[in-house]
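Copied over from TrEMBL:
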type     : residues : note
TRANSMEM : 51-77    : transmembrane segment
DOMAIN   : 51-459   : domain 'Major facilitator superfamily (MFS) profile'
TRANSMEM : 89-111   : transmembrane segment
TRANSMEM : 123-143  : transmembrane segment
TRANSMEM : 149-168  : transmembrane segment
TRANSMEM : 180-199  : transmembrane segment
TRANSMEM : 211-231  : transmembrane segment
TRANSMEM : 279-304  : transmembrane segment
TRANSMEM : 316-337  : transmembrane segment
TRANSMEM : 344-364  : transmembrane segment
TRANSMEM : 370-392  : transmembrane segment
TRANSMEM : 404-425  : transmembrane segment
TRANSMEM : 437-457  : transmembrane segment
Amino acid sequence: MYSDPENLKTVPTTDTVHNDEAVRVLHHYDGAHSWSDEEENKLLRKVDWRVMPVLCLVYMLVYYDKAILSQAAIFGLRQQLHLTIGNRYSMSAAIFYLGFILGSYPAIVLAQRFPVERVASAIVTLWGLTLILTTVCTSYQGIYAQRFVLGFLEAGISPMFMLIVGSFYKKSEQAFRMGIWYSTTGYVSVFSPLINYGLGKINGGLNTWRYMYYFTGSITMLVGLVLYVIISPDPVRARGFNDRERYIMVARLQANNTGVKNKHFKSAQLIELLLDPKFWIIFSIAFLSMIANGAISTFVPIVIEGFGFTAFNSLLLLMPVGFYAGSAMLLLSFLAGKLRNSRTILIFLAQMGTTLASILLWKLPTKERGALLFACIILPSIGAGYAVLMGLQVANTAGYTKRSMASSGLYIGYCLGNFVGPLVFKANDAPRYPKGFLVVVITAIAAGILALIYRGLCMYTNSQRDKSGVPEGFDHAYEDDLTDKTVSGYTSRLSHRNERERTYVLLQTQSDQGISKCSNCTAANRECEVRVSKRGRKRHMEEDIQQTQVIINTPARPVHRTQSFHVPVVPSPAPVTSISPAQVVPEVASAHFNQTPTSSSVVEGVGRSHQNDVDTGYLQVYGHENHIEAELADLESTLEQRRDVLDPKRRQLLQTFAETYWDYCYCWCPVLDPSSFMEDIDRSPMLANAVALAGSHVRPPLLSHDGPKVYYDKARALFYDDAETNSLTALQALCLFYWWAPRATSTIHRHSSWWWTSVIIRHAQQMGIHREPPQGHPLRSSHNLSLRRRIWWTVFARERLTALCQSKPSIIDPDDCNILEPQLSDFPNDTVSQKRALVFIHWVKLCAILGRMAKVLGRSSDNISTAAHVGMHESLVSWVHNLPTELKLQISTTHTDSFDRDIHQLHLPYFTAIIILHLRRSAHDLPQALPPAILAASCTVRILGDILLRGSCRYLMPITCWYAGTAFIPLLQAVRMPPLSGEAEEGIETLVSTVEQLQQMWGSANVIQQGFQRLRNATTTNVPVAQNPAVADNTHVRWSSDDADITLSPQQPEGIYDWTALFPFVTKQTNSIAGELFGNQEKGTVTRGLASPDNLFHYESMQNEYNGLLDPFMDFTFDIGDLNFAAQQSAEL
C-alpha cells in the first residue's frame, strides 16, 4: 500500500512479478523439503491417473464433434443444407477454424482470470448444446453459424490443456503426455464410425445425420457438467492430494521455470513473444502442416466414397485411418521423449509421410484402390508431427503469460491452416481433388524444411549462449515468473587477481543496495529487493563494491538431491571464451566466483540433466535466466564437494568406512588398492559413496551419518547420470553395491545384486576386461591388469554363486575368456594382504565348482549321469584337500581354538554344496538327507556358532541367509533320529539365532525365518526312514539309542565314492553328529558306502531334488535352487 499525495487515499498495489500461487504452496509447507525418487514416481503415477483420463475424454469429444461433419456429409447433410453448390461445403468446414482463431485468445484469458475447471466446464457444456442445435439448421447459412460458434467454443480447450500439462509435469514428461491426449483425435475415429454406422441404420422420422448430432451433443453436455468436478486444473487446487503431495508437485517443477499459475497478464512477455523468431517458425510449421488436415478431417470420407464404396463401407474404412493416426501420434511422442535432439527430425519425417500420401492420391489412377486406401491411411502422419510440435513449443517457452500466449498463437497457426485447407479442395475437383493434394505436397515439404531451419536456429542460439558469461543470482527465476529470453545487460571480463588465480566477475546493473538488479525489476523500473542466497553465500561481484544484504523471509528451496560425500569432479570440456577448463578446476575451492562450466553440445536439447530430471531431448533453447538455474546447481554442487571433502568429520567417516572395507569386505571384493585408496575416493564421488555404503551397512558408526540407503541412492544416481568418467572406477564402485539389498528379487527391478552383477559383467565385457592382452602387447603397459583381474574374478564368483542360489542363468562363457586367474602377485605384498589374497583365490575356485554344479543340476534328469555327480564330488574333494595349510578349517575338536572369520566364511558355500548333492526327494513331507548332508549341516552350524559367540555377524554377506536355510533341511531330518536329535535341535536353534541377527541387515532373512517356522510346523512326528527298494534286501540301516552303529552292505564296492573325503578336518570330537556317523571305528571305513552311486543315493533323481526339494510340504513350495521364498523378499547375493 502507498499514499497518493494528491487524492490522500490509499491505493492498492499488486506485485505481478512474485504473485504466483506456487510460491504460496512452497512458503506455507512446513514438512520435510526432500523426497525420494520412489515417492516422486508414485506421485507421478497418481497424477497420471487423475489428470490424463479427463484430458483424453474431453479431447476425444473435441475431434469427434468437429469431424462429425465429414461423416454426416455422406448421409445427406450436404444435399439437405444445400452445401453441394460451389464451395459451400468447403466453407462450412473452414469457417469452424475462423471461430477457432477468434475464440482461442478470449478462452485463454478467461482461463487465466478464472478457475480453469469452471471455464472448461462451461465451454464443453455450451458446445454440446451447439451440437444439438445443429439439427434445427435448414440452410447453409445456419450450418455456417453453427460451425463458427462451435469452433469459437472449442478453441480454448487445447490451450487450457497445454497449460494443465505444463503445470503438472516436467519438461521431460510433457511431450509424451501431450501425445497421449492428442492421439485420441485418431483413436476416436476407430469407434465413431461404428457409432455412426449404427445410427445410420435407424429408420425413424428424422434424417440420419440429425441422430448423429443428437447423440454427440447429449454426450458432450453430460461430460461438460461433470467436468467441473473431475478435472484437476493445477497442482495447487487439484483434488485428492495431501499437503506433502501438493508441495512435491509444485517443488519438482521449479526446474521448468514456467510457473504454475499467475493471474496477472504481463505485456512485456507478449512483446517478447512477438519478437521471437522461433515462435514464428513454429507458427508457420503449424499453419503449413494443418492445410493437409483439411483434407483429413473433411474430405477423406468423400474421397474414399469416390473410390466406389458405399456410404456405410466408407464409414468403416475410416477405422484404420483413425488407428494409424492415433498410433503414429503416440509413437512419435514416445520417441520424442526417449531420443535426444529428435523433435525437429520427427516433425520432418511426419511431413514426409503426408507428402508421400498426397503424391499417391494426386497421381495414382482410381483403379489402384489398394494403394489409394494405403495413402488415405498414412495421410494423417502430419498429426503426429503436430503432437511433437506442441510439446516443443511448451518446453521452449518460459513465463506464464508468454507460454499462454504462445499456446494460443500456435493454435492460431493451427486454425489458419485448417481454415485454408478445405478451401483448396474445390467442388469441381471432386472426388479426387488433384489440385488440393498438390497444394498439400507443397505445404508439407515447406513445413519439413522449416523444421530443419528451426533446428539450425537452435544450434546457433545455444552456441551463442554457451559463449556468453553466466551470471549468479537467479535462485528465484521460477518464483519470479521469468521468461526464456529475459536478460539484463550482462558482460563478462577476465579480472587478474594474481598471476595464478583467474576468475570471472560479472558486471550487472546495480541496485541502490549494491546488488545486481533482476531483469523484471529493471524492465518495470522498480527497485529490486535482495533475497538472501539459499546456500548462505554472499552475492558475487567486484570486490570494491560495497555489499549490503537485506534479509527477506522466502520459502525454503526444496531439496531433492543431496550429495552424501561430495568430492571434486572435473567437469566435461565445454566451450568457454577466455578461460579453459584446466584453469577453472583448480579454482573451485576459491572464495571467488568462477566461470560455470557450460554444455559442450551445440545441438537442440543442450545441457546436462539437473536435479534428477532426465533430459529427454526437448529443444531447451533458453536465455541466461533459464540456463543459469541449472548451471548454478552444478557450480553449487562443485563448491560443496570441495568443502565437504575438507570437512574433518567427513574425512573421519570416510576413514572409518575404509577400515571396515579392508577388515570385512576386501577378501570377497578386492577391487580397491590400499596405495591409491584415498586418492581414488577423493577423485570419484561415486566410489566414495559406494565405500560409504558398504562401510555403513557392515559396521555403522554410532555417530550421525546418512546411512547406506542414502549412499547407495547417490552412487547409483551418479552412475546412471554418467558422472563417473573413468569406467574402471565405475566398476569398482558397482562391485561395492553388493552390500545393499533394498528389494526382493521376486520382482523385476534394478537394485538386486543379480542386476548389478549383470551390469558389471556387461560393462567389463564391453571394456574387454575378460580378455587379457598377450605378452608384448602395448596395452599391457597401459592397463592395470591386476585390478582388472580382481574385478573380473569378483564378479565371476558372484555370478556362479547366484546361478546355484537363485537358479539364475550364467552369463559368463569361460570359453570366451582368456584372462589369467587371480594370482598372489595381483595383491599387495604385505602378510595380511597375501593371506586375504589366498582366501579370495580359493573362494573363486570354489565358486567355479558351484557354477558347474548349477549347470549340471539345471539339466533334465534324463541327461544327468552318475559320472557327472561323481565328478562334482571329486571336484569338491580336490578343492578341500588342496587348500593351503593356513586356510584349513580348524574344527577337529569341540572348541575352536583358532578362529578366523575369513576362513570360516570361505567354507560356508563348500558345506552348502555338499548338502545340495546329498539330499534326495522323498515320498514323505521332508526330503531325505543322507549322512554327508547332515554332517555338512552340522559343520555349517559350527561355523555360525563360532561367529555368534564372538558377538557380531554384521559382516556376514547376504547369501549367508541361503547357507542357513540350506543347512536347516538336514538338521530337521536329523531331529527325528534319536542319536542325533540333541545336537540337531541345538543346531537348529543356532541357525534361528543367526537368521535373527541377519534380519537386522537383510530383508531376505525375514523370509528365511518365516520359512523355518513353516517347515517346523509342516513336519510330522512319525516319518519312517526312507530306503531305496533297490538295496532294501542287502542294506540295513538302524537309528536307535541302543545301537549307534550302522550296518552296511557287504557288497559295497571299494574306491568308488568315499564321501568321508569331503571332511578332512572333521573328527569324532568335532560334534556328536560326527561321532555318531563315524562310529567307533576309524574315519572312512564303516560309513564308506552310504552315498555310493550303487547304493542308497540315486543320481538320476538329482534334478527333482534340486528343483522341487520340498514340494511335498503341504502348500508351501521350497526350492533348493531358490531358497529366497519367492512369495516374499528373496536372498540377495
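Backbone N, Cα and C atoms are what each Cβ position is placed from, and that goes for glycine too.
Heads up, TrEMBL stuff is auto-annotated, nobody curated it.
Summed and averaged per residue, pLDDT over the domain 'Major facilitator superfamily (MFS) profile' (51-459) gives 82. Annotation: stretch 211-231 has the most Cβ pairs under 8 Å to the transmembrane segment (123-143), among 89-111, 211-231, 279-304, 344-364, 404-425.
The transmembrane segment (89-111) makes no contact with the transmembrane segment (437-457): fewer than 3 of their CB pairs lie within 8 A, with pairs spaced 6 or more apart in sequence.
Beyond the ends of the transmembrane segment (211-231), by six or more residues, the same chain brings 54, 57-58, 61, 64-65, 68, 71-72, 75, 116-118, 120-135, 195-196, 199, 202, 204 to within a C-beta distance below 8 angstroms of the stretch. With a cut-off of 8 Å between Cβ atoms, the residues of this chain six or more beyond the transmembrane segment (51-77) that come close are 83, 89, 92-93, 96, 120, 124, 127-128, 131, 143, 147, 150-151, 154, 157-158, 161, 164-165, 168, 177, 180-182, 184-185, 187-189, 192-193, 196, 200, 207-209, 212-213, 216-217, 219-220, 223, 227, 230-232, 238, 297-302, 305, 311, 314-315, 318.
Per-stretch counts of Cβ pairs under 8 Å to the transmembrane segment (437-457) identify 344-364 as the leading one among 344-364, 370-392, 404-425. Between the transmembrane segment (404-425) and the transmembrane segment (344-364) there are fewer than 3 Cβ pairs closer than 8 Å, counting only pairs 6 or more residues apart in sequence, which means the two stretches are not in contact. Counted over residue pairs 6 or more apart, the CB atoms of the transmembrane segment (180-199) and the transmembrane segment (344-364) come under 8 Å in fewer than three pairs, which marks the two as apart. Sequence-distant neighbours of the transmembrane segment (316-337) (same chain, 6+ residues past either end, Cβ-Cβ under 8 Å): 71, 172-173, 175-176, 178-180, 182-194, 197, 296, 300-301, 304, 309, 343, 346, 350, 353, 373, 376-381, 383-385, 387-388, 391, 616-617.
Here the transmembrane segment (279-304) has long-range neighbours at 63, 66-67, 69-71, 73-74, 89-90, 93-94, 273, 314-315, 317-318, 321, 325, 347, 351, 354, 358, 361, 373, 376, 379-380, 382-383, 385-386, 389, 392-393, 397, 406, 409-418, 420-425, 430-433, 436-437, 439-440, 443-444, 446-447, 450-451, 453-454, 457, meaning same-chain residues at least 6 beyond its ends whose C-beta is under 8 angstroms from one of its own.
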